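Residues or ranges marked as region 'Disordered' in TrEMBL: 19-42. TrEMBL lists 79-112, 122-163, 171-205, 254-290 with the feature repeat 'WD'.
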Amino acid sequence: VARAMGKLQSKISFHTTKYRADSSVGQTGPAGASRQHSPAHTDAVTSVAALQPDLCVSGGRDKSVAVSSWRSGAALRRFTGHEREVTKVTSALDSSRVFSASRDRTVMMWELHGTSGPSQHFPGHDLVVTGLAVSPDASQLCTGSRDNTVCKWDTETGECLGRAAISRNLVTHLCWVPGEPYVIQTSEDKTTRVWDSRELQVAHTFPAKQHIQTCCDASQDGRYCLSSSSGSAGHGAEATLWDLRQTRGQVCEYKGHFQTTTSCVFLPRGPTLAPSIATCSSDSTVKLWDQGTAGRG
């Protein structure tokens, strides 16, 4: 047994060295040359979002926010200011503004070409901030927290423009519907809500699922939204497609994960590609699905 365990241990250490946070990441180019890049963070990465066509932004347990290049893998900027773990990051696509939420109960705004400190600070939540969504023009920000509230902010002034509280509404995620004044929100109360950001009121609540809703995303055409469920041992863990415009009801479910589905996203649609979505799970898998048939790719 000891010999077998030793073999297993050596296999694990062999395969995990290239993923350790304290080691550099190697990339091999076409000619076989290896390019070395330092990790973007010194601890676990908790959130990542697109920033510009060749840039992404990430947040981590090391309390920092980093901007990295999709193409080279290099971390180009690092922002520090949060006192605790960063929980969510987001930006308006093609914008130079980056937003981060944290366990320190605050949200901060950073300028891509500015200093390493925050350009705006949004305090006001009583517990960890777990939802973050910015309007397409980056003028307004919606935040959600485990304190059961959703807030709206002016990104220029930092002023809180509205605050809405719903009992047991422990926010898990927020996303802004492209081209619309609506914000999608998932919750530990097993529901997915549609907020009208103009008055910060709930415009629609989809029927409750059987499990906690962990994440949400909106399609680029604004017609659909996705939510994902917690689960275990093959129960729950589905993603659900919802109609935002006509029936405002459930369209279909994507079932196949065996543990909590932690994230869901609509994939960019190409001229010859059918609409597709991707989900990832605590079961260590990422699955691709045909949006219309719920078939796995």
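From the backbone N, Cα and C atoms, a Cβ is placed for every residue, glycine too.
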Sequence-distant residues near the repeat 'WD' (79-112) by C-beta distance (under 8 Å, 6 or more away from its ends) are 46-53, 55, 57-61, 63-67, 118-123, 125-138, 141, 143, 145, 153, 155, 173
What is the number of residues in the repeat 'WD' (254-290) that are helix, strand and coil, as DSSP sees it? 0 helix, 18 strand, 19 coil
Run through the repeat 'WD' (122-163) and tell me, per DSSP, how many residues are helix, strand and coil. 0 helix, 23 strand, 19 coil
